[in-house]
Amino acid sequence: MLQVYLVRHGETQWNAERRIQGQSDSPLTAKGEQQAMQVGERARSLSITHIISSDLGRTKRTAEIIAQACGCDITFDSRLRELDMGVLEKRQIDSLTEEEEGWRRQLVNGTQDGRIPGGESMQELSDRVHAALASCLELPQGSRPLLVSHGIALGCLVSTILGLPAWAERRLRLRNCSISRIDYQESQWLASGWVVETAGDVSHLDAPALDELQR
């Protein structure tokens, strides 16, 4: 059985400003760096052998902090990038026009052909993150990889493993530096292939997440 751990990047400046990131970037906040350190402390006990990260700055920094803690090398994979949010990237959510908010809500509310102008669809996102995950099956026997990616990307990955369409309503919360685990196995009691063991674990973090504070 192959165990793969999934980690969302630490809190960023634009997360705190309620600004849409997508494939644009902003640095980790001090809290985000601390969150990544706490993931690293947890990762030391998980026997992680490989760290594979999105090549965007916020995930690279998160991966670097985790790698320092568990002594692993990092591989960067652009297929783990966040959903391309097109013309809405860098915009504050509260500044969107009614039309722009409608584009964004399509992705949240489950519109099959939803796409922000200039961006990508949820199906396109799903195809590439699943391809990145499939590459883990080529790692040496006994490997235990940890993937560092993004909220929408990882939410789409976990949801589609559970059998939902890529464009389904977003109902899975994966907070900054949450840890999820998926396993590849042959089972008499579960469908063969990828299964979800845990999703969105934040028990290793010692402070409330942004979405808890901004309610």
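Placement of Cβ uses the backbone N, Cα and C atoms for every residue, glycine included.
Keep in mind it's a predicted model, so treat the numbers as computed, not measured.
What Swiss-Prot records for His9 is active site, tele-phosphohistidine intermediate, and it gives sequence analysis as the kind of evidence. Residues or ranges marked as active site, proton donor/acceptor by Swiss-Prot: Glu82. Annotation comment: Swiss-Prot describes 8-15, 21-22, Arg58, Lys60, 82-85, 104-105, 151-152 as substrate binding site, evidence class sequence analysis. Residues annotated as site 'Transition state stabilizer' in Swiss-Prot: His150.
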Would you kindly give the Cα-Cα distance separating His150 (site 'Transition state stabilizer') and Glu11 (substrate binding site), rounded to the nearest Å?
11
Counting other Cβ atoms within 10 Å of each Cβ, which of the binding-site residues Gly22, Gly151 scores lowest?
Gly151
Rounded Cα distance, in Å, between His150 (site 'Transition state stabilizer') and Arg8 (substrate binding site) is 5
Might you list, by sequence position, any residue in that chain lying six or more from Arg8 (substrate binding site) with a Cβ less than 8 Å away from its Cβ?
Val148, Ser149, His150, Gly151, Leu154, Leu174, Arg175, Asn176, Cys177, Ser178
For Gly151 (substrate binding site), which DSSP three-state class applies?
helix
Which of the recorded positions Gly22, Glu82, Met85 has its Cα closest in space to the Cα of the residue listed as 'active site, tele-phosphohistidine intermediate'?
Glu82
Which secondary structure state does DSSP assign to Trp14 (substrate binding site), in the simple three-class scheme?
helix
His9 (active site, tele-phosphohistidine intermediate): tally of other CB atoms within 10 A of its CB
30
